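If you check TrEMBL, you get these features:
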BINDING   M54, G202  substrate binding site
BINDING   R129, S175  ATP binding site
Amino acid sequence: MVSDTVTDVLDGSDVSELLAELRRRGPLVQCITNSVVTGFTANALLALGAAPAMVDNLEEATVFAGIADAVLINVGTINPAVGETMVATAQAAGAAGTPWVLDPVAVGGLPLRDRVATELVPLRPTVIRGNASEVISLAGLDGGGRGVDSTAGVEAALEPARSLCARTGGAVAVSGPVDHIITADDVRTVSNGTPMMTKVTGVGCALGAITAAFTACASPADAAFAATAVWTIAAEVAIERASGPGTFAVEILDALHALGSEQLARLTR
Ligand SMILES: Nc1ncnc2c1ncn2[C@@H]1O[C@H](COP(=O)(O)OP(=O)(O)OP(=O)(O)O)[C@@H](O)[C@H]1O
Ligand SMILES: Cc1ncsc1CCO
Ligand SMILES: [Mg+2]
């Protein structure tokens, strides 16, 4: 595993170095994700320079967690069998030392995903990535939320995120108009992105997968920061070329694939 060569606050050139390292290594990312976004997520990982593998059945997923460089667990369309697979896979990832990301989609008042997510947190996800309502709910508070969408502001999620960090030892990334990456003693922000990102389903889910890819190459907070920066900057490039959500979904993949150090240095906010 690559050491935490980048410390403190990252800038565009640090992100560029991490992206170059990721592309050199092409990390194998196991995804147990929802049925809405599997294709888009796999394509986002390929555009990034990672290798996706949607291995999500109980018999294989626990084995694969020891082979993969990182794992994503996204509870978006959970069912009881998948929930069991998620817990077993997180245990296997922990035992193998494979970093893993939890995306607690729509957690907060839905019994199965709430129960499974509550079991997953003590298994110490490397990064928890969600919108504000999801993070607040995962911390055991009333996060609101409207299905997969947040009704809470990112600021309201900072203390809940910190309490989750204390339990996992990892980082929590809260997405929204300004993304916040929280650790036990630090908060970093990324102010890039475009509201069009909320008009294509699975843009947040893909960010979870991209975050997982970076956990193979960097510390939890650096991984979350770099993932958020590359995805939101790709979105800013894409919005200049898109005429609506459909073309934006295509353009963001093209922009991520072509993303270079000049754009990262110029656009990272
Ligand atoms: N108003 C906004 N302006 C700019 N960027 C945004 C805005 N809202 C969200 N984003 C960006 O969109 C991405 C996904 O964040 P969002 O909070 O929509 O995730 P999510 O709710 O988990 O998405 P989904 O469940 O649809 O996959 C993040 O990279 C975030 O920076
Ligand atoms: C729309 C939707 N429903 C469950 S998961 C998902 C993808 C966006 O989170
Ligand atoms: Mg989400």
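Note: Cβ is positioned from N, Cα and C throughout, glycine not excepted.
Automated prediction, rather than curation, is the source of TrEMBL annotations.
Among the binding-site residues M54, R129, S175, G202, the residues whose Cβ lies under 6 Å from any atom of ligand 1 are, in sequence order, S175, G202. Spacing of R129 (ATP binding site) relative to M54 (substrate binding site) is 19 Å (Cα to Cα, whole number).
Taking a Cβ distance under 6 Å to any atom of ligand 2 as the criterion, the binding-site residues M54, R129, S175, G202 reduce to G202. Sequence-distant neighbours of S175 (ATP binding site): residues of the same chain at least 6 apart with a C-beta under 8 Å from its C-beta are R129, G130, N131, V154, G204, L207, T228.
Neighbour density around each Cβ, counted as other Cβ atoms within 10 Å, peaks among the binding-site residues M54, R129, G202 at R129.
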